[in-house]
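Notes to accompany the following structure.
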Amino acid sequence: MKGEVPNGRSQAKDLLPPSEEKMEERGQWGNKMEFILSVAGSIIGAFLIPYMIFLFTCGVPVFFLETALGQFTSEGGVTCWRKISPLFEGLGYGTQVIVTLLNFYYIIVLAWGIFYLSYSFSWDLAWSSCNNTWNTENCVEFQKRNYSFNSIATLNATSPVLEFWERRALRISPGIDHMGSLNWDLALCLFIAWVMCYFCIWKGVKSTGKVVYFTATFPYLMLIVLLIRGLTLPGAGIGIQFYLYPDLGRLADPQVWMDAGTQIFFSYAICLGSLTALGSYNKYNNNCYRDCLALCILNSGTSFVAGFAIFSILGFMAYEQNVPIAEVAESGPGLAFIAYPRAVSMMPYPPLWAALFFIMIVFLGLDSQFVCVESLVTAIVDMYPAVFRRKNRRELFLLVVSFVSFLMGLIMLMEGGMYVFQLFDYYAASGMCLLFMSIFETVCIAWVYGADRFYDNIEDMIGYRPGPYIKYCWLFFTPATCIGTFAFSLIKYTPLKYNNEYVYPWWGYVIGWLLALSSMVCIPLWMVYKISTTEGTLREVTLSQKRRITAGKRTTNCNTIYFNLWRTQEIVGLQCWGLAAPVHFRDSSNVIKDR
């Protein structure tokens, strides 16, 4: 029996690559391009300038950790942690809770995109005029007004695009305590979105790998088209200058750095289990290190280029309305459904640009959504392979997940649904939750399983050891950065306000914090459960009952095996202890394979 290995050190690879039969049963990507496009479609996000520190200390290291972990274990977001350390299996449950909540609300953005797309095939865009039934007497067509606010007769003037968003699309109520009725047209759009999502992944990677050839590449084409159009508009230089020369004084604001750090986790799709799920379908010897570096460059490069496309349009709007660019800039859903629709209504051939933009929104949302759903389905199927890998059972399970998520999403399409959507967005999948998961992920890999040991496993997969920088990030920089940012997020916590005006009732904030804690408590609760239900001490257990594990002619006596709960080094003890399903492990020079 091998002795204990110090934290962060290893002399052996305890887990072996999965058998060819198992990998064939789970399925694999048809080729590397399918994996690249699937991940690329899920990581395109917004770009924030002051997050370079978080990019190199958290984004790239954790991105590589999760992808390599999935490829090495060929397991989903829960069972991969069960193999690495049974005590940290709660990590997997926590990430899947976040993904489940994401599946409920993120696809709402896709439904909005489909709704706006349906209104884009008209020469007179519905949000460009005040001649509609939903418009109020305060509606002012800004592009037709004089360049002076004095010409506006009322201080309560609103734009037609804002009224279309709030009074036609959302039909928003005064508050969360007035949920009102269901918007059936948006419900139809949500149903269409779930149908598209289901058929994109209903055959697993066999269908996903083919769909991403279009869904992941088409938005890039649209981005280039919108970029070229934006740069040729009058006033584009104003927006570009605002983009490239920000107010450096704001860098002294801790809130800016906290936002930058949490944004990394969204733009790189880390701590959601999706990278682990996608990586698990790679071939064992795929060079995941090279893929991760390429994808990280792609992500940041796309964000940088997208910034030009966005701010050139905002500069055009500021030029046309003769106002500072800060007054036309929006964030969150407002950018896609208020600022951009207003911009395209000012352009020549507005239906063309509106259709192109919302088609891009639909494909971006679809790509991100089916990756999240695939992450959840892969995790559950890998937990119960005997149940869900039978004929058509995976497809039926996916149908159940889609239907339940569709029903939950209907709540956010009611007249008060936007307030519920904001609660989910601000709390359920917040940066705070993702930071919490990142801390334990790096601690588990670097200090519990062993950073050097994981580097040994990576070397076994790709044929060489990556540079030591990422290992030191796992050991020190990433946990320290995440802990500091997590503490900042608690100290500087600001309660959610819709449009910076509407204050939620006390029970609304309680619901929000319950959503946030629902994922974070999985880790400590699982540890308490595992320790309390296991006989013996935390550090070692003496097994009183003899068991023999047979693999060929090799047998192992489990009469007196000491098991370190923290590591899977003594995986024989783990199996005799009954804490995990059989996995590959090493016992000296002999390998005992799956029972």
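We count from 1, first residue shown onward.
Cβ coordinates come from backbone N, Cα and C, glycine included.
In the three-state DSSP scheme, SER368 (Na(+) binding site) is classed as helix. For GLY41, SER267, ASN299, LEU364, ASP367, SER368, the entry in TrEMBL reads Na(+) binding site.
Sequence annotations record features per position, and here TrEMBL assigns disulfide bond to CYS130-CYS139. Counting every protein chain shown, the Cβ of CYS139 (disulfide bond) has 21 other Cβ atoms within 10 Å.
Residues or ranges marked as region 'Disordered' by TrEMBL: 1-20.
Per TrEMBL, transmembrane segment is recorded for 35-65 (among others).
Under the heading transmembrane segment, TrEMBL lists 91-115 (among others). Residues 76-82, 169, 185-186, 189-190, 192-194, 197, 271-274, 333, 336-337, 358, 361-362, 365-366, 368-369, 372-373, 375-376, 379-380, 401, 405, 408-409, 412-413, 417, 421, 424-425, 428-429, 433-434, 436-437, 440-441, 444, 515, 518-520, 522-523, 526 of the same chain sit 6 or more residues outside the transmembrane segment (91-115) yet have a Cβ under 8 Å from a Cβ within it.
Among residues of the same chain six or more beyond the transmembrane segment (184-205), those with a C-beta under 8 A of the stretch's C-beta atoms are 27-30, 34, 107-108, 110-112, 114-115, 118, 169, 211, 215, 281, 365-366, 369-370, 373-374, 377, 394-395, 398-399, 402-403, 405-406, 409-410, 413. Marked as transmembrane segment by TrEMBL: 184-205 (among others).
Among the features that TrEMBL reports, transmembrane segment is placed at 217-244 (among others).
Residues or ranges marked as transmembrane segment in TrEMBL: 264-281 (among others).
What TrEMBL lists as transmembrane segment is 293-319 (among others). Proximity of distant same-chain residues to the transmembrane segment (293-319), defined by a Cβ-Cβ separation under 8 Å and at least 6 residues beyond the stretch ends, is recorded for 36, 39-40, 43-47, 55, 59-60, 63, 220, 223, 226-227, 230-231, 233-243, 267-268, 325, 327-329, 335, 339-340, 342-343, 346.
When Cβ-Cβ distances below 8 Å are used as the criterion, the transmembrane segment (352-384) is approached by residues 26, 38-39, 41-42, 44, 75-79, 92, 96, 99-100, 102-103, 106-107, 109-110, 113-114, 116-117, 120-121, 125, 193, 196-197, 200-201, 204, 208, 211-212, 214-216, 218-219, 222-223, 225-226, 229, 269, 272-274, 276-278, 280, 336, 340-341, 344-345, 394, 397-398, 401-402, 405 of the same chain, each at least six residues removed from its ends. Marked as transmembrane segment by TrEMBL: 352-384 (among others).
Long-range contacts of the transmembrane segment (396-414) within the same chain, counting only residues at least 6 positions beyond its ends with a Cβ under 8 Å from a Cβ of the stretch, are 103-105, 107-108, 111, 179-183, 186-187, 190-191, 194, 197-198, 201-202, 373, 376-377, 380-381, 388, 420-421, 424. Taken from TrEMBL, the feature transmembrane segment applies to 396-414 (among others).
The transmembrane segment annotation in TrEMBL covers 426-451 (among others).
TrEMBL lists 472-494 (among others) with the feature transmembrane segment.
Counting same-chain residues at least six beyond the ends of the transmembrane segment (506-529), those with a Cβ under 8 angstroms from any Cβ of the stretch are 87-91, 93-95, 97-98, 101, 176, 419, 423-424, 426-428, 430, 432-433, 436-437, 440, 495-496. Marked as transmembrane segment by TrEMBL: 506-529 (among others).
For SER368 (Na(+) binding site), the Cβ neighbour count at a 10 Å cut-off comes to 23, with all displayed protein chains included. Here the listed stretches are 217-244, 264-281, 472-494, and the one with the most C-beta pairs under 8 angstroms to the transmembrane segment (426-451) is 472-494. For CYS139 (disulfide bond), the nearest neighbour among the binding-site residues SER267, ASN299, LEU364, ASP367, SER368, judged by Cα separation, is LEU364.
Summarising the environment of ASP367 (Na(+) binding site), the number of other Cβ atoms within 10 Å of its Cβ, over all protein chains shown, is 27.
Each of the binding-site residues SER267, ASN299 was assessed for Cβ neighbours inside 10 Å, and the highest tally belongs to ASN299.
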